[in-house]
Amino acid sequence: MKLAIVLAVCIHITTALHRIPLIKARTIRHQLRQNNELEEFWVHHQSHVFAQKYSQCFPDSLSFAAGSTAEYLFDYMNAQYYGKISLGNPPQNFNVVFDTGSSNFWIPSAFCISEACRVHKQFQSFSSTSYQHGGKTFSIHYGTGQLVGITGKDTLQIGNLTIVGQDFGQSVVEPGRTFVLAQFDGVLGLGYPSLAVANAVPVFDQIMKQHLVNKPIFSFHLNKDDNFEYGGELILGGIDSSLYKGPIHWIPLTDKSYWQIRLDNIKVHGKVAFCPDGCEAIVDSGTSLITGPSDDIKKLQKLIGATPLVFGEYTIDCSHISNLPTVTFTIGKRDYTISPEQYVLKEHRQKSVQCLSGFQPMDLATKSGQLWILGDIFMSKFYSIFDRENDRVGLAKSCKRKHKIPL
């Protein structure tokens, strides 16, 4: 008999957890770069160009004027991990990004008129016996565009969890090419209700309200290693102690919208280089990179020997990776260090390998000041726990889970 053997560095396995396997895919940005289309994309998707080109797609009530939703969400150019859900009765299956940096759940509608919807799975509300029409129009702004849709409610299935009457959005307009190349269909936000548009109740809030998990906690274990089929896991309802080693360190939230925490400082090669008096950061599963204010990231790229390309990207000499400095985020007086092997992204082209910096500028101004984003590069090093009961984030050193292919 052929057996698949799963080996873990740690021993104890926690039961009664709801596990959602994650798939690791090429990002939209990577695909555009591979097709030599990234520069052309950015020319047409700068905010002012995009607004002018597609303004006729949106009603006046959902104009591109800066509004309350404009600061909520980031683009998904660098989203890399997604998982499967189903919606409606009978179930319709979709791939979604499980995103701690937003709070709305949306998928393409069968009535969507955009190319992005035609190349993805579309929700057929008329085929679901449990669908309830919401009747509200919603709009979500991204750094590279905007989508508009209508609201509804239906039965959502995540793993073995069934959430009845879940609020969700159905996109009817996704202009531009932002989502055309995406390998996911939609986004499932795991942030706090204050981030949600159209008064939608976020998915995990419904899970808590319907008492579907033993503990109001979810956690991510992400795998960055390209050699393994295992992309990672989203675990709903608790913590799997086989996926980390050492203690969990808990960090209180400074704001209950994003999963926002306080950074004591940021060190490069052991010396404080940024945030000497502290700054704010969010732990965000919806982006694969680590981002920060433009001026700081420009200085950081220089410190790690990166050379600027276009549109905020930086390249690194692949032969120098072992000599690059570490970057350390000090949180709650504890150091969380990222090695150059972890923050340098290797992209394989036809006969060559290009090394890119995993740091990117993003000026995200909030009432707390400019935010840093600790994305999947950070989360793949540290098992990340999101505790809604105590409004805190837990971090522990990830174990490497290895899957052996069946013989």
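Heads up, residue numbers simply count up from 1 along the chain you see.
Cβ coordinates come from backbone N, Cα and C, glycine included.
Sequence annotations record features per position, and here TrEMBL assigns signal peptide to 1-16.
The feature domain 'Peptidase A1' is assigned by TrEMBL to 81-396.
According to TrEMBL, the active site annotation covers D99 (among others).
As annotated by TrEMBL, disulfide bond applies to C112-C117 (among others).
Around C275 (disulfide bond), the C-beta neighbours below 8 angstroms that are at least 6 residues distant in the chain are L263, D264, N265, I266, W372. The disulfide bond annotation in TrEMBL covers C275-C279 (among others).
Marked as active site by TrEMBL: D284 (among others).
Taken from TrEMBL, the feature disulfide bond covers C318-C355 (among others). Cβ-based neighbour count (10 Å, all protein chains) for C355 (disulfide bond) stands at 18.
In the predicted model, residues of the domain 'Peptidase A1' (81-396) average a pLDDT of 93. When Cα-Cα distances from D284 (active site) are compared across the recorded positions D99, C318, C355, the shortest belongs to D99. A count of other CB atoms within 10 A of each Cβ picks out C117 as the most crowded of the disulfide-bonded residues C112, C117, C279.
With D99 (active site) as the anchor, the candidate disulfide-bonded residues are C112, C117, C279, C318, and the one with the nearest CA is C117.
Around the Cβ of D284 (active site), the number of neighbouring Cβ atoms within 10 Å comes to 29. There are 24 other CB atoms within 10 A of the CB of D99 (active site), with all protein chains counted.
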